[in-house]
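Visitor: Provided herewith is a single structure, encoded as structure tokens, for subsequent inquiry.
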Amino acid sequence: MREILHIQGGQCGNQIGAKFWEVICDEHGIDHTGKYSGDSDLQLERINVYYNEASGGRFVPRAVLMDLEPGTMDSVRSGPFGQIFRPDNFVFGQSGAGNNWAKGHYTEGAELIDSVLDVVRKEAENCDCLQGFQVCHSLGGGTGSGMGTLLISKIREEYPDRMMLTFSVFPSPKVSDTVVEPYNATLSVHQLVENADECMVLDNEALYDICFRTLKLATPTFGDLNHLISATMSGVTCCLRFPGQLNSDLRKLAVNLIPFPRLHFFMVGFAPLTSRGSQQYRALTVPELTQQMWDAKNMMCAADPRHGRYLTASAMFRGKMSTKEVDEQMLNVQNKNSSYFVEWIPNNVKSSVCDIPPNGLKMASTFIGNSTSIQEMFRRVSEQFTAMFRRKAFLHWYTGEGMDEMEFTEAESNMNDLVAEYQQYQDATADDEEEDYGDEEEDEVAA
């Protein structure tokens, strides 16, 4: 019941995905051969959300892995959990996308997309009641961004009523891997606004800060960053996989978090974040969790929620705790910081409680917020985009693959519209609405 199909694309997506499956296997007591070696029936009760049971009692992840070059996939395959995936579900090309969105979306990626869709279709047909898809990718490169968005739009055509959730790694403000990141990211956002239902916005710099400041790691690796992401990913779906007192699923999440269809870019956070050494020395309380998960330093993307307002938010608690306490704490946050919530959406914080905590913790919580301050991310990418596009820098790489400059202009204006929409709702107040109504009534009287 309620299966989720996981898709990972490009180098970044595959590395996050590999880490994610380590976390999920750990939670469900699956070892690296796919055999169950856990100690609780609860681990098996809804294991079919993420796993297919194959012959001989092996559990195979419902995962599709794609890339345009074989390198990252080989390292996933030879990694600790590489043998657990279905070999047919590795779909890869040889040529690579070379950080070029057009190659991923129009040329190289388009040649490979049908074989990816076949695998997706095969996995979807294996599902009893498919709830939706979760896609891991980055927006700065070529494959994850170009081919990732192509796949999302194709899946959208074929499964229009299923949820589409993405974990998208945005280019960081100060750290840049490639010079054309702003192009790739803008073209991708243009697609994600239209075709995805929910986007969890991540970025490396914010993750580095968390590792460095909060976790006290001297030299964080991508592995550490990906571990943070996968903790959040696991938290988002824990209610589907374990029994809870207050359930949520992808669709409930969307209904509670998205007031206007285009504004579906969320900030995510996770608590407790404590350095590996100090974990066993403290007992966590619900107030501590709540305080940490609402903390701006805890957000996994480089936007500061204090610069905007929350349209909506959702908190998923895991562990044995009283729902009364959870409700009190959430109410407390809203009352104390009421200026950071828009007043024209009452009760805009949803909470859910799942009884089973992640391994090694007594309780944990995942935070998802729809804040207008996310526009900082888009604004920053847009500025970098404009700076290059004004000079038509690097454009020949894209036009050479058959793209038109018009497409860039469209993507740019779509992104600017998005920023403007967030700004509009940030400034909106409850009185605006009433004034409008007042005017209309007067007009009617005059008429």
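Start at 1 and count along the chain as shown; that gives each residue its number.
For all residues, glycine too, the Cβ spot is worked out from N, Cα and C.
Reproduced below are the annotations present in Swiss-Prot:
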- Q11, E69, S138, G142, T143, G144, N204, N226: GTP binding site (BINDING)
- E69: Mg(2+) binding site (BINDING)
- 429-447: compositional bias 'Acidic residues' (COMPBIAS)
- 421-447: region 'Disordered' (REGION)
Visitor: Compute all pairwise C-alpha distances among Q11, E69, S138, G142, T143, G144, N204, N226, the residues listed as binding GTP, and give the largest one in whole angstrom.
Guide: 23
Visitor: For N204 (GTP binding site), which of the three DSSP-derived states applies: helix, strand, or coil?
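Guide: Once the DSSP labels are grouped into three classes, N204 (GTP binding site) ends up as helix.
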Visitor: Taking the Cβ of S138 (GTP binding site) as the reference point, list residues of the same chain whose Cβ is under 8 angstroms away and which are at least six residues distant in sequence.
Guide: G10, Q11, C12, G13, G144, S145, S168, V169, F170
Visitor: Across all protein chains in the structure, which of the binding-site residues G142, G144 has the highest Cβ count within 10 Å?
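Guide: Max Cβ neighbours within 10 Å, all protein chains included: G144.
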Visitor: Specify the secondary structure state of T143 (GTP binding site) as given by DSSP, simplified to three classes.
Guide: helix
Visitor: Using DSSP, would you call S138 (GTP binding site) helix, strand or coil?
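Guide: Reduced to three states, the DSSP call for S138 (GTP binding site) is strand.
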Visitor: Select one residue from Q11, T143, N204, N226: among these binding-site residues, choose the one with the most other Cβ atoms within 10 Å of its Cβ.
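Guide: Going through Q11, T143, N204, N226 one by one, the largest Cβ count within 10 Å is at T143.
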Visitor: By a simple count, how many Cβ atoms lie within 10 Å of the Cβ of E69 (GTP binding site), its own Cβ left out?
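Guide: For E69 (GTP binding site), the count of other Cβ atoms within 10 Å is 19.
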